[in-house]
Amino acid sequence: MTKLSVNINKIATLRNARGGNIPNVVQVAKDIESFGAEGITVHPRPDERHITYQDVLNLSSALTTEFNIEGNPITKFVNLVLQVKPAQVTLVPDKEDAITSNAGWDTVKHKTYLKEIISVFKENNIRTSIFVDPDPEMIRAAVETGADRIELYTEAYAVSYAKGEKQGVMPYAECARIAHELGLEINAGHDLSLDNIKYFKQQVPHVDEVSIGHALISESLYTGLEKTIQQYLKLLK
Ligand SMILES: CC(=O)[C@@H](O)[C@H](O)COP(=O)(O)O
Ligand SMILES: NCC(=O)COP(=O)(O)O
């Protein structure tokens, strides 16, 4: 079964727009859990443009489902994750000024670095996932970093699907098979949506978790959070 982890970055974007506490990020996260989501994902960026480090601390004591914290493992991020000890940390090679996540790790070039960082989280019993492009070479090298999971970066799939190029899913299916054979668990995320999730789920085997935020929150503006989440859960069955 593929679990749904809802990324609530954009709830914090709306909250920050007015500088107050509406919408209340912690309350929305708890409500999302009550609507059936199996996890909450946040990506506290260095500039705290949406989720703040304080949000992460507040959420950590309030959530009852899996907490997944994503980010580039700069020192303050590592310290935050070790303080919170979430179910999962997802390492993303984002530049500080990136408008959003836009690349996976080069797990060949950064193998030693990733191995060192991942060992710290594993010593603290935190599941580790690394954000990667659907490239078999990157998947094979990911095993040597000691990561528990990979997260397939699905923007390229979303773009190809939107253009009607369904063959864009093929690298993901191939990489999922390779990862599974190598003993890696598999997550996926970025630009997944109600339009493209069903085909991805049908074509890509062994996906343990998808983390979805931008599209889900946008779709919720029309159909509400509860109904939108239940639509995703139905498509992920
Ligand atoms: C890793 C990933 O693809 C998403 O979590 C992305 O980081 C979303 O970040 P923004 O919400 O800042 O676009
Ligand atoms: N890891 C992907 C994620 O958490 C959400 O990405 P998006 O759905 O906001 O593009």
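Note: Cβ is positioned from N, Cα and C throughout, glycine not excepted.
As the structure is a computational prediction, the values presented were derived from the model and not from experiment.
Residues Arg45, His50 are given by TrEMBL as 1-deoxy-D-xylulose 5-phosphate binders; from Thr2, Thr75, Thr90, Thr100, that same site also lists Thr100. Comment: 3-amino-2-oxopropyl phosphate site residues Asn7, Arg18, Asp191, Gly213, His214; largest CA to CA distance 26 Å, whole number. Cα-Cα distance from Arg45 (1-deoxy-D-xylulose 5-phosphate binding site) to Gly213 (3-amino-2-oxopropyl phosphate binding site): 15 Å (rounded to the nearest whole number).
Counting in whole angstrom, Glu151 (site 'Transition state stabilizer') lies 17 from His214 (3-amino-2-oxopropyl phosphate binding site) by their C-alpha atoms. Taking Cα separation as the measure, His214 (3-amino-2-oxopropyl phosphate binding site) is nearest to His190 of the recorded positions His43, Glu70, Thr100, His190.
Around the Cβ of His50 (1-deoxy-D-xylulose 5-phosphate binding site), the same chain contributes Asn9, Lys10, Ala12, Thr13, Asn16, His43, each under 8 angstroms and 6 or more positions distant in sequence.
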